[in-house]
Amino acid sequence: MANNFTTPLAASHGNNCDLYAHHSTARILMPLHYSLVFIIGLVGNLLALVVIVQNRKKINSTTLYSMNLVISDILFTTALPTRIVYYALGFDWRIGDALCRITALLFYINTYAGVNFMTCLSIDRFFAVVHPLRYNKIKRIEYAKGICVFVWILVFAQTLPLLLKPMSKQEADKTTCMEYPNFEGTASLPWILLGACLLGYVLPLAIILLCYSQICCKLFRTAKQNPLTEKSGVNKKALNTIILIIGVFVLCFTPYHVAIMQHMVKTLYAPGALGCGVRHSFQISLHFTVCLMNFNCCMDPFIYFFACKGYKRKVMKMLKRQVSVSISSAVRSAPEENSREMTESQMMIHSKASNGR
């Protein structure tokens, strides 16, 4: 792709700038990070999905959005083993461009499906708390089903074109996959990325902040009208949950999108200033902020655990049941083992006695 659409800026960069000079450090830290994300993300989200499916008869709009968020996280974790190997080899992709495109697809599906479903959750909570009479449970679940289908269609429409474009690039001694330098020669890339950041991050963040600020105002008004709600601690828990959700969203998604936007603005308005040092710094910032953004799939199960009382209770119940099963099986196997050892000893004694006679 970079060979077909080159700009004067790309041509002026030359081929002497090593944008992967940090690979010796990255090949250690990034595989460790993504291994952690893979284990925690897969186990945590599978556990959340099991709990949701077991209680599907009691499903509501909030649970439905959460389930779709969990599914997008699980899809993302399936792509991580290949990325772990890629980073461990020092940014060398050895399994073909087709798999590179698929991992890119799963990456962007997780990113923007996650953002969209978190936005849906904030809107859903807004109507449930601020305007409860406008949307009863039946209507909200029906609307939620349609919205989930629409979100998936929108995300796939945005990401499926990635399968049509080469995602890998042959460098001097390696093949890189899904790296920004592979596409920086595309003339329209800055505008595409700025548009994606505005629609995929700035707009959802504005909606989330607006919805949760209105919810907080409603909770404060309710506490003033009824002091018992403040004493019960319900409002405090709700506010802590809101702070947790906004904090995770801002911490995980903001650094990546800010890094992209500021670099694209530089590319458009000060192309001459983008020397090798600036480009390499941006490449390092991308790797760091992408790691931070991907850590979001580990945080989602913890949000469910602390925010949803029913989910927390179900998880603890499952863990207790598993522990009790393990203990009972261990206790049951111990007498069997002792009995087997005693039987073998008795047979040996009987055999020796027979030989003595």
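The backbone N, Cα and C atoms fix where each Cβ goes, glycine too.
According to Swiss-Prot, the cysteine that forms a disulfide bond with CYS100, out of CYS17, CYS177, CYS197, is CYS177. Per Swiss-Prot, the topological domain holding HIS22 carries a different name from the one holding LYS218, which places them across the membrane from each other.
Here the transmembrane segment (241-261) has long-range neighbours at 115, 118, 121-122, 193-194, 197, 200-202, 205, 208-209, 212, 215-216, 282, 285-286, 288-290, 292-293, 295-296, 299, 303, 306-307, meaning same-chain residues at least 6 beyond its ends whose C-beta is under 8 angstroms from one of its own. Spatially close to TYR108 (7alpha,25-dihydroxycholesterol binding site) yet at least six residues away along the chain are GLN158, THR159, LEU162, judged by Cβ distances under 8 angstroms. Taking the C-alpha positions, the distance from CYS100 (disulfide bond) to ARG83 (7alpha,25-dihydroxycholesterol binding site) comes to 9 Å.
If one looks beyond the topological domain 'Cytoplasmic' (54-68) by at least 6 residues along the same chain, the residues whose Cβ comes under 8 Å of a Cβ in the stretch are 48, 113, 117, 120-121, 124-125, 128, 137, 140-141, 143-145, 148, 151-152, 304, 308, 310, 314. Residue with the densest Cβ environment among the recorded positions CYS100, TYR112: CYS100, by other Cβ atoms within 10 Å.
Across ARG83, TYR108, TYR112, TYR256, which the record gives as binding 7alpha,25-dihydroxycholesterol, the greatest C-alpha separation is 19 Å.
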